[in-house]
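Asks: For reference, the structure I am asking about is given below.
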Amino acid sequence: MRRQSTMLAAIFLAAFLGSTAAMINSPPRIIKQPPTDELLFKVAQQNKESDQPFIIECEAEGQPDPSYRWIKNGKKFDWQAYDNRMLQQPGRGTLVITSPKDEDLGQYQCFAENEFGVATSNSVFVRKAELNAFRDQAIKTVEANEGEPFSLQCEAPDGWPKPTVNWLIQQSIDASIKSINDSRMTLDPEGTLWFSNLTRNDASDEFYYACSAASVFRNEYKVGNKIMLDVKQMGISASQNKYPPKRQYVTRKNEVALRGKRVELFCIYGGTPLPQTVWSKNGRPIQWSDRITQGHYGKSLVIRQTNFDDEGTYTCDVSNGVGNAQSYSINLRINAIPYFTIEPEIQNAAEEETVEFKCEAAGSPEPTIQWIHNGKPIALAEPNPRRTVENTRIIIKDLVKQDTGNYGCNATNSLGYVYKDVYLNVLALPPEITEAPRDEATVDGRNITMRCRVFGAPKPQVKWLRGASWLTGGRYTVLPSGDLEIQQVTFEDRGDYTCYAVNKFGNKSAKGSLDVKEHTRITEEPQNYEVAAGQSATFRCNEAHDDTLELEIEWWKDEVIIDFDAQPRFVKTNDNSLTIAKTIELDSGEYTCVARTRLDSATAKANLIVQDVPNAPIIKKPINCRGDKAEISWEPQGDNRSPILHYTIQFNTSFTPASWDTAYEKVPSTDLSFVVQMSPWANYTYRVIAFNKIGPSPPSGHSDACTVQPDVPYKNPDNVVGQGTEPNNLVISWTPMPEIEHNAPNFQYRVSWKRDIPAAAWENKDIYDWHQNNIVITDQPTFVKYHIKVVAINERGESNVAAEEVIGYSGEDRPLEAPTNFSMLQVTAATSAYLGWNPVSPESVRGHFKGYKIQTWTEKEGEEGLREIHVKGDSNQALVTQFKPYSKNFARVLAYNGRFNGPPSAVIDFDTPEGLPSPVQSLEAYPLGSSAFWLTWKKPLNPNGKLTGYKIYYEVVTGSFVGERREYDPHISDPRITRMKMAGLKPNTKYRISITATTKMGEGTEHYIEKRTLGEEALMPAVPSFTWEQLPSQNGLATFRVNWHPSTEGHSGTHFFTKYRIKGETEWINEDPEKNKDYQEIAGLDPDTVYEFRVVSVDGHYYTESATSEIDTNTVEGPIKVPNENLANAGWFIGMMLALAFIIILFIIICIIRRNRGGKYDVHDRELANGRRDYPDEGGFHEYSQPLDNKSAGRQSVSSANKPGVESDTDSMAEYGDGDTGMNEDGSFIGQYGRKGL
């Protein structure tokens, strides 16, 4: 709507101006003109190129249409005299030069005039662009020395504008060229190519260096000054060439730049290695940005769009580690072509009014201001006593119609000028509203300006109304432009506003409106953040705004908006937080959260400090070596926003040149030098590492070497141990001494040992391999005590420290005795019992006695799963707490020494009582609508007894607070149940649900989850499923339990009910909805009938049915319901009696036959053993019958498990069809086996 209203206002203004343009006369106004400095043209060379026309623009508007005239070099310019080579665009003053010539050079200026005034354009110097050629010269060969600084001079040709000079490499074979891009080569502004140092690769083997001069305007370049470079090698390796920094080219000491232009300060130094340049301004490091950058690999400083703040002293410090560092300073001063600080404006006024033209300008040098009236200096204009002319303004009082005309302000200094031409138009017009008030919107607490721009002569007075009330004073201000400013807008400021304009010729009004919204604000501001480099940082920003406005959250860093697509480490999350992954030191800065609507915005700022490890220190050279001590000094190079805590000094020696050891670990951060001790007979090199809370810096460069003279060893080997590995040996071991501790050549160890008995003599063994760390002494008695020492010796003698004697033992052997009388003293709990035994004798241990091991396992685990409990050696009983509850546990005990286990005791066994069960393996809760959960769980992995059921508890969770704990009643007393419906809960509430399994010993460890119930809105449930099981009947009719399984994938519904019917029927029977349980019991079903069942999930008025399942009630468990009839006349009773009589008769016949045939089965078996196989294939009774395999299959009952049925004592003919039942002639039953419902 706002965009639409803006567009309508613009259309109205254009229409108004268009309609009044034909009626309102005005002086000319320049709308297109040439630039203030110069205009270039190109003259075609004969027979080589075509003419390239150029134009000198001049266009003005006014009423009536202005005419145009030109001056050249201060004189009238008659362009028509130049045949067809020049023309003027129709309706404009623009000159078109179709075929430029040399004589077109000069100073041009355009004038546009009508009967009301003369407008003046900028004055422009038109000149010819040209580029001359290089002098013809043969290719020169220049010699230079490898490693030294060097330069190539370019004798560039003249041209205008000054040509751009570059150096190229041109191949000798195909004359192809390529640019030079090398940190050692730098081009200065005068076209000289400077080599910081020469290398062998710079020699011109198959190419030469060439200078090129290019004219951008003419779009051409020329090549000359071709040079072959011969680099003389100095007879040493390139890496040994070293030259201190040498000045090659620098910008003059006092440099001048123009405001708004580009300036480049040069500081080119040569040397080997390549010197590094560091820039500073007024003694402070330079803050690099997109505007202030380094060029030529740091050898120049580039400032774009210079301003007066760039003035100062710029210093470059240059060093390369050879000789002394060099320094050079440049004083930069900024001059400026004049520019307006206050520009004159067009004035439309009425008679008798007063107008003022103001014009102020700045520049360096200070500009002078000259006023122009109708194309002439105002001093030459006709006198006007009502006009006052000052340096920066013109005032005209009591206007009359004849005061209409053009005025121009020209500010000039030695560098250029700036000019603007305006006019005064004296009018007599009634008010017109050129820009009517719009339908505005803003937020409370802000200021707003409702626009109302008016035009008229004299200038109309503007008043504002809201409704029928005039707005004056207080928070309401009518601005000189006619706009209404409202300060600190409130919601009461909503409404319609009318702008009313009036002068002596009439009045005009227009309406607009104001809508006030709630202002946007930050409710949770981002907080200042300190983070170590490499870690993530997150800024949060929560806001509140008017719900009718769309909101956008932006993040800015150092006043630049963050582009999340271009910076993948910066991520704006769903809650509008800013996360910076893997922070680096450059991420430090000020971060701003901007919450923006189309009407307002709110901001909040926070600072991020990314702390990194310190920069590597620099060691001062040379270090001070004094005998066996060295003094190291260093300089820190920056702490990267985290103060240095301490320094570590490391060293390496000629023995370990590839590794560094610590000489001193924590030198205080205030110390920048330290004295360290050195060992004899070594060459030491040092480096320093700085530490802050983030971590260690990179190491400094290494120092010069310090050398120490040989001496005797200062110590003996450490960690001397005597311990046998076999029952009959003694192994003496030690830690080898590194070479840094040898202190002289010919280093060796002298190993000495003796038995711990009176008058025992020392035995010695010399070891000449310093890497060796043990010797084995064989044929020793088992486990006896020795005195041992190891001495360090070199060519200067034995260590100056006496060797320490240590006690050792020869090897251990397997213990001989098993503990006796091992017994269980008392079972104290389900997992613990006291055990006791008789200890073994000390001499039977044959080694260092460590104690006893009790080994235990259960009948289920077997001996492979045994567990060991270690008991101290002075104990003969222990409380063992690792038995398995409700199990038969086995245990035994053994003694052990440092190497071997002894023989075990006899195994005992005992039973442990029941214990508390372990937690259930899992617990899941699926919401059933807004007030229930469907709980499912897995039984405990370790019941530790017979489970007696489960107890379920629940608590309301609010934030981090957990409410009162309540038990869900009733608790589950059937341990087979692993699911239930938990109802009666509050909607949209978070619950902590706990479950414990129980045995007769009590409740086990609980397992809990937290889950939220759904809201109260109803949803379509997902398709449920169900299972069923048959229950015992009490009256002969079938009873089934239907278990509801709500969907765990989608919405489950709040409750359910069961519907069923006899298969083939159309009407369903619906049970009452079950709202508290997850099952229903359906009783009173007819036996021997097939039913169709469904369950229906319900949520509000939504219903979803399951698939249909069939249930066959052909077997009914429990007493049969007897019809109300005489037992003697009942058909089922007669049938049963007949069947029983037939079975008895048949059984008697079979017994008589078997008795008469005298064991045919034994004869058959004997015949088979003798090889007879000729039994007849036809049926019937044969003399030698094969054994009968009488197998019968009972009828099956269909249930949810489809398990086979078992013949029942209650089977009767009543289970079969209603047709007549009788016997055929062989005594068998004939009947129809149909069932109802099939």
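Glycine is treated like the rest: Cβ placed from N, Cα and C.
Automatic prediction, not curation, is the source of TrEMBL annotations.
Note that the coordinates shown come from a computational prediction; the quantities given were computed from them, not determined experimentally.
For 1172-1181, the entry in TrEMBL reads compositional bias 'Basic and acidic residues'. Annotation source TrEMBL lists compositional bias 'Polar residues' at 1187-1202. As annotated by TrEMBL, domain 'Ig-like' applies to 28-132, 137-224, 245-331, 338-425, 431-517, 520-609. If you look up TrEMBL, you'll see 613-711, 716-813, 818-915, 919-1017, 1023-1119 marked as domain 'Fibronectin type-III'. What TrEMBL records for 1172-1238 is region 'Disordered'. Annotation source TrEMBL lists signal peptide at 1-22. Under the heading transmembrane segment, TrEMBL lists 1130-1153.
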Asks: Can you see whether the domain 'Ig-like' (338-425) and the domain 'Ig-like' (520-609) are touching - at least 3 CB pairs under 8 angstroms, only pairs 6 or more apart in sequence?
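Replies: They are not in contact.
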Asks: Please give the average pLDDT for the domain 'Ig-like' (431-517) in this predicted model.
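Replies: Average per-residue pLDDT within the domain 'Ig-like' (431-517): 93.
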Asks: Tally the residues of the domain 'Ig-like' (431-517) by DSSP class, grouping H, G and I as helix, E and B as strand, and everything else as coil.
Replies: 3 helix, 53 strand, 31 coil
Asks: Please count the residues of the domain 'Fibronectin type-III' (716-813) that DSSP assigns to helix (H, G, I), strand (E, B) and coil.
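Replies: Helix (H, G, I), strand (E, B), coil: 3 helix, 45 strand, 50 coil.
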Asks: With DSSP helix as H/G/I and strand as E/B, how many residues of the domain 'Fibronectin type-III' (613-711) fall in helix, strand and coil?
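Replies: In the domain 'Fibronectin type-III' (613-711), the DSSP-based counts are 0 helix, 50 strand, 49 coil.
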Asks: Per DSSP, what is the residue count of the domain 'Fibronectin type-III' (919-1017) in each of helix, strand and coil?
Replies: 0 helix, 55 strand, 44 coil
